[in-house]
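Pulled from TrEMBL:
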TRANSMEM  A:12-37  transmembrane segment
TRANSMEM  A:66-84  transmembrane segment
TRANSMEM  A:96-112  transmembrane segment
TRANSMEM  A:118-141  transmembrane segment
TRANSMEM  A:150-172  transmembrane segment
TRANSMEM  A:203-221  transmembrane segment
TRANSMEM  A:250-268  transmembrane segment
TRANSMEM  A:274-296  transmembrane segment
TRANSMEM  A:303-323  transmembrane segment
TRANSMEM  A:329-348  transmembrane segment
Amino acid sequence: MLRLEKRPQPSQLWTVVTPILAVFLTMIVGGIMFALLGKPPLEAIKVIFWDPLFHEQFAAYSRPQLLVKAGPLILIAIGLSIGFKAGIWNIGAEGQYIIGAICGAGVGLAFYPSESVLIFPAMVLAGAAGGWAWAMIPAVLKTRFGTNEILVSLMLVYVAQNVLISVSSGLLRNPEGMGFPGSRNFKQWDAAHNAELIANTGMHWGVVAAFIAVIGAYMLMSRHIMGFNIRLTGEAPRAARFAGVSPTRIVFFCLGLAGLLAGAAGLFEATGPAGQITGAFNAGYGFTAIIVAFLGRLHPVGILLAGLLMALTYIGGELAQLMLNLPGASIQLFQGMLLFFLLATDVFTNYRLRFGKKGLV
Amino acid sequence: MTDVLLRLEGLTKAYPGVVANDDVSFDIREGEIHALLGENGAGKSTLVKMIYGLVKPDSGTMTLRGAAFEPAEPRAARAAGVAMVFQHFSLFDALSVAENVALGMENPPKPRDLARQIRDVSETYGLPLDPGRTVGTLSAGERQRVEIIRCLLQNPRLLIMDEPTSVLTPQEVEILFETLRKLASEGTAILYISHKLEEIRSLCDHATVLRLGKKVATCTPADATARELAEMMVGASFETPQKAERPLGEVMLDVRGLSLPAPGAYGTPLREISFQVRAGEILGLGGVAGNGQDELLAALSGERVTAADVIRLRDRPIGTMGPTERRALGVLSGPEERLGHAAAPDMSLTENAVLTGARRMGLLSGGFVNWTKSKGFAEDVIQSFDVRTPGPGTAARALSGGNLQKYVIGREVLQSPEVLVVNQPTWGVDAAAAAAIRQALLNLAAKGAALVVISQDLDELMEVSDRFGALNEGRLSEIRPVDGLTVDEIGLMMGGAHDMEVAHVDG
């Protein structure tokens, strides 16, 4: 008979092994799924994981996409992971991302057509502030009235989406856009354009911000007392209180930081790859970042790798739809499997499998 | 009287890395009260779990009234007439006494019949209890009565009691002993687990002493002195902590009219607590568990704040300060719950050193943790307090209870507090280590610190404290010098026997 036995300490080895194992299990089960759909499984997995980077025909287009897609995922996931470490479940990064983009774009457009070099930095600050403010709503409600931040932050996503639809056909609509919804195109306005920093790499300011966030989060969590207090709050709330940590401050800090980074990510996206604010400019990065945060074990370096992997499956998934006619739903299923297997294998970090007869304590 | 009820022969049980019981054999006779004596980790719990069917022995046999006895689960043991009262109660706070009793029975009778049966048993054995009351409102002693009555309704042949007196006042202990003697006189055998030697000497007919899983002696406890029993248990003589003559200094901690509402549905409110502790003095606070000990510690540590004037350190109001500010001024504390309160279970000992020592030990620079220095502090604690662990990188939850206790107390003591408040400082620690912790507390006082020691172990309080007070339902009794205090007086300070008056009306 099989049984699970709690390890005296979490296994260092398994912390590293589980993500790799999860990727392999996803490949195997995903391959079976592709086979059942009547597609060659090995071919499909190669298209998803290999071709985006090395296919001779498509790679030139898809390689830069890796950083374009990974940038916002990493930036948002870093903010979320810090809250998750403290047991604060911000599910509404998508909303903070949207509001950040709207606020940043709004501030920029107010100065149109100025060509000042201060325009873009001001927009970034406004975007971050917008995301922060949106995240303060669940923070205030949680600390004041004890509401559940999961529900509040999630519902605020839907509010934000409606605000987005409203402003893109109202307040921020392009006056020269012949009545079509959507803001001015930032790609045509140099002062506000978040352009590629190195041609054909996909590297823009948002990706730079993501890398800085990874390093900053690593320093915060492993060296700074604030990071220590955040981890302590998540692992043993009573011990945190005993140590003198204020739970209210942790809630404000974690939600605020996540909102800040998500808002900035939204602005970088709106002024860069997306180019304008439209009713559908958001691509679900805020939700996918939750998966990235967990796939990366809530560790900054892990999130960096997980963000790149997730971006790869996105691009590869699109490629697979194109080249193999795989249905889009199967790609989403494939990505879902990744999270499922990660959580399933995670149990081995804290437990070990024992064979033999069940014994009572 | 002399018939053997249960015979244990060569019982052995090994867990990975430790032999919990090694070839243990002894007899329990009908109608006797048999003590099982040993330190924490001596294998008492494993042994009774085997008798109660919770654990299967690796080898060895048990014979109940001549027939082989191999209970596969507690249900089988109960069917054979073995009942057990656990140290930690398994009762539901929100249900009534009768409902709780019914939940533990195989075929509960109708509620009305059950209530009558509970009344009958409680009257017969002098255990006053109202079947309709909600368990959440009962004192620890009354909760224990619920457990005992639940067992007695099954007419057991053998009743196992695990550390039953740790939650009782001296008066309640007397009531319990009367009940147990009456049961024994009717032929029920009782296996009584304890490490309180005086109790065993007054109550038990025979005692089996376990040490490191092996049976080391069987004796008649009345014929041995407490000291002899202790040495059998520990296997060596150990030093009793020495109280040195200490000059008392100025008033360090001054608490005036401390009142706080209960933190939760079944917490205890603090009511008008006032006391003073001087430099070099140890104030011992006794009381049955759940009478405001946790709440008082939280108020003194700063986890819960009060009005500024209520708590003063050297005449400086500190009531509104949180734990960090109080620590900076030298008010340190050690809560009862080691895992999850005093220490974070999944964090390493180094990280747990930072938990309270961050500022006082200068482990921070510019908000960043100096991990090298922190590790050094953790190693200091480990060395000074003889904490058995592979190293400071070990997770707190990997330490045994006693070792972790030494660590969390040592962590505070080494920070040279001006005022130290500890709750249950030696809970679950073996006798030698407990003596070491008490000595450390006495030394700290000798160096001029003011100490408040909250404990349920009266012997401990008598050993270390200069003055004694008791907590009862969130109130603090009058505080009296320990010299010349009798057990009866202490019992009355602790609130006597809970709810005996009610019982007289019912009875």
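Cβ coordinates are placed from backbone N, Cα and C, and glycine is handled just like the others.
Bear in mind that the values here come from a model prediction, so they are computed numbers and not experimental data.
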Contact check, the transmembrane segment (A:118-141) vs the transmembrane segment (A:250-268), 3+ Cβ pairs under 8 Å, seq sep 6+: yes
Result, the transmembrane segment (A:96-112) in contact with the transmembrane segment (A:274-296) (3+ CB pairs under 8 Å): yes
Any contact, the transmembrane segment (A:250-268) to the transmembrane segment (A:203-221), with at least 3 Cβ pairs under 8 A: yes
Considering the transmembrane segment (A:329-348), which listed stretch of A:12-37, A:66-84, A:150-172, A:203-221, A:303-323 counts the most C-beta pairs under 8 Å: A:12-37
Which of A:66-84, A:150-172, A:303-323 contacts the transmembrane segment (A:96-112) most, counting Cβ pairs under 8 Å: A:150-172
Of A:12-37, A:66-84, A:150-172, A:203-221, whichever stretch has the most CB pairs under 8 A to the transmembrane segment (A:303-323): A:66-84
